[in-house]
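Okay, so here's the structure we're looking at.
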Amino acid sequence: MPAESGKRFKPSKYVPVSAAAIFLVGATTLFFAFTCPGLSLYVSPAVPIYNAIMFLFVLANFSMATFMDPGIFPRAEEDEDKEDDFRAPLYKTVEIKGIQVRMKWCATCRFYRPPRCSHCSVCDNCVEEFDHHCPWVNNCIGRRNYRYFFLFLLSLTAHIMGVFGFGLLYVLYHIEELSGVRTAVTMAVMCVAGLFFIPVAGLTGFHVVLVARGRTTNEQVTGKFRGGVNPFTNGCCNNVSRVLCSSPAPRYLGRPKKEKTIVIRPPFLRPEVSDGQITVKIMDNGIQGELRRTKSKGSLEITESQSADAEPPPPPKPDLSRYTGLRTHLGLATNEDSSLLAKDSPPTPTMYKYRPGYSSSSTSAAMPHSSSAKLSRGDSLKEPTSIAESSRHPSYRSEPSLEPESFRSPTFGKSFHFDPLSSGSRSSSLKSAQGTGFELGQLQSIRSEGTTSTSYKSLANQTRNGSLSYDSLLTPSDSPDFESVQAGPEPDPPLGYTSPFLSARLAQQREAERHPRLVPTGPTHREPSPVRYDNLSRHIVASLQEREKLLRQSPPLPVREEEPGLGDSGIQSTPGSGHAPRTSSSSDDSKRSPLGKTPLGRPAVPRFGKPDGLRGRGVGSPEPGPTAPYLGRSMSYSSQKAQPGVSETEEVALQPLLTPKDEVQLKTTYSKSNGQPKSLGSASPGPGQPPLSSPTRGGVKKVSGVGGTTYEISV
């Protein structure tokens with residue numbers, strides 16, 4: 001019956017099993033409805049219980065014999081039997097317990113049938129230990145369901161006998177009421193039970209003999225072991241126990257399962273990227289921040305379409321939108337070298353094309369993925385306007401970076417007024433008219449020098465040609481920066497070495513002498529340039545030591561008098577070490593500085609300012625305080641930390657990376673205030689005081705460094 005599910009439906013096959021089920025269930029129901037109530041009163045209440053248990057047992061075995069797999073062998077494939085070119089033989093002989101048993105070839109199932117296996121003509125399947133095909137259960141009886149068929153026969157025989165016997169007993173108790181309904185129904189059930197008892201009892205007896213002898217109905221009918229020895233028998237008791245107590249035989253056919261539809265994607269396909277925001281974790285010189293930007297699906301089409309066996313694509317164009325300072329400086333040099341900007345930039349690594357812009361603020365504005373793929377001439381020519389405004393808006397700013405403006409922190413490019421030597425103590429700063437005018441002159445020199453010098457053009461050349469070599473440091477006459485310095489009208493270049501922290505700011509000192517007094521008009525916004533500290537050689541370190549000796553031996557330089565009109569211009573001058581005591585932030589910086597272990601009793605040696613004994617107070621300056629120790633550190637580090645408007649994140653971002661060895665050599669030479677020498681903001685001396693000493697005399701060689709920085713090597 002299980003094998004017929006996939007074939008054409010035949011109603012005639014279900015007539016015998018349906019009749020058997022109706023007679024079984026119908027007769028038993030009538031018996032329980034009309035006969036059992038009287039028997040429970042007159043005979044015993046156990047009569048209905050016994051008949052109920054027997055009926056359930058019959059029904060269970062009937063169901064198992066009908067719906068259970070008898071042990072069907074699966075059919076072989078069409079080419080499985082093609083062992084040789086010729087046709088397979090019809091029989092094969094095997095030996096079982098010393099007896100030759102013949103196996104027949106099944107043309108339908110295309111394999112040799114195992115011993116005791118036969119092909120059912122009704123089910124059209126080969127069944128293991130085939131017994132017969134029973135129409136009353138509409139299923140073949142084989143090895144797997146023979147036990148339930150045998151128990152069905154036994155239980156059915158007992159149930160029929162019970163129904164017939166208890167029915168007869170009920171009639172005997174109501175012999176005077178034979179015309180009654182209960183007695184009439186009971187006699188009808190007895191007739192049906194008696195009618196089925198003869199064949200069922202006969203069939204049960206026959207199978208009892210077969211089980212005792214260890215044979216099947218097929219073997220018994222066909223007479224395979226007639227007159228011979230049965231190799232499959234193990235004795236009467238073993239045969240009975242094998243049928244009733246052995247473990248169930250394995251199933252050879254898999255249960256039919258519903259096919260599931262599974263969508264399989266090739267491994268080279270990536271999941272679709274939605275136009276959502278992608279959070280990127282970045283590291284910016286110790287600053288951890290999150291960047292939220294929109295990334296479109298089209299931005300990943302190029303990388304997804306490339307395969308390993310395809311030819312490599314041409315190098316991508318550099319994304320100069322990340323280097324705002326480089327774009328500005330290249331734009332300033334377009335008048336001298338326009339060929340560098342007219343053509344596309346040279347190839348850069350592929351990672352820069354698909355690399356997002358980094359920011360230290362999570363609230364930065366998102367830029368499109370493909371913005372500013374080329375460096376346009378129009379964008380670069382717009383930058384001098386902001387530089388021109390920087391001469392009218394004085395401010396102090398830390399060393400610039402190459403971050404684009406759109407990806408910069410909102411507080412990164414702001415101007416913060418502070419006193420470089422007082423570590424953020426605004427009450428101890430000095431406002432000097434002479435110092436104010438002198439500082440404005442240095443700030444104005446950015447515009448004049450930035451448009452004529454070729455230092456930024458050398459930065460572009462270094463970007464294209466690689467890092468600066470050692471020979472270029474020793475032969476500064478070959479660099480374009482040296483020619484631009486010689487072409488200038490400066491007769492007396494300053495003496496000494498300019499730190500790479502002062503990128504292209506030597507012009508501020510020269511222009512300050514020619515433009516000492518300028519009125520500020522507003523805040524400044526200067527474009528940054530990169531800072532590199534990893535290219536100092538031994539010759540440069542030696543020049544630092546030689547320059548320090550020259551500073552100690554150089555005579556004082558006269559300083560201009562104060563301008564009373566500029567006393568309250570708003571720019572704070574740099575006080576001497578004896579004007580105001582340092583705040584606690586300087587002591588914090590001394591812990592980080594390698595030279596912070598200077599004894600407190602040792603005064604600081606001024607580099608670009610007047611000595612401690614020669615410095616006077618400016619207009620409105622406070623009383624001199626105790627002399628602060630020289631911490632050997634640039635004041636831009638300590639002054640930034642104490643500013644209330646500058647956060648800790650900005651302080652870390654503004655500090656450039658410096659190796660301990662180079663930091664010691666640079667900071668023993670001179671101190672600087674936020675990227676400016678101390679001489680730019682020093683207070684003017686009072687009347688009667690000797691002039692300041694300034695190391696601006698002697699021969700000097702100017703060499704362009706890595707990232708557009710300028711090196712000054714004393715001769």
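Cβ coordinates come from backbone N, Cα and C, glycine included.
Membrane topology per Swiss-Prot: Gly38 and Arg147 sit on opposite sides, carrying different topological domain names. Counting only the Cα atoms, the space from Cys134 (active site, S-palmitoyl cysteine intermediate) to Tyr91 (phosphotyrosine) is about 28 angstrom.
Residues 24-25, 28, 31-32, 151-152, 155-156, 158-159, 162-163, 166, 169-170, 173 of the same chain lie 6 or more positions beyond the ends of the transmembrane segment (39-59) yet place their CB under 8 Å from a CB of it. Summarised as a single figure, the pLDDT of the topological domain 'Cytoplasmic' (213-715) averages 51.
Remote same-chain residues near the transmembrane segment (192-212) are listed as 23, 27, 149-150, 153-154, 156-157, 160-161, 163-164, 167, 220, 236, 239-240, 243 (criterion: CB distance under 8 Å, separation of at least six residues from the stretch ends). DSSP classifies Cys134 (active site, S-palmitoyl cysteine intermediate) as strand under the three-state reduction. Ranking the recorded positions Tyr91, Cys134 by how many Cβ atoms sit within 10 Å of each one's Cβ puts Cys134 at the top. Across the topological domain 'Cytoplasmic' (60-148), DSSP classifies residues as 11 helix, 29 strand, 49 coil.
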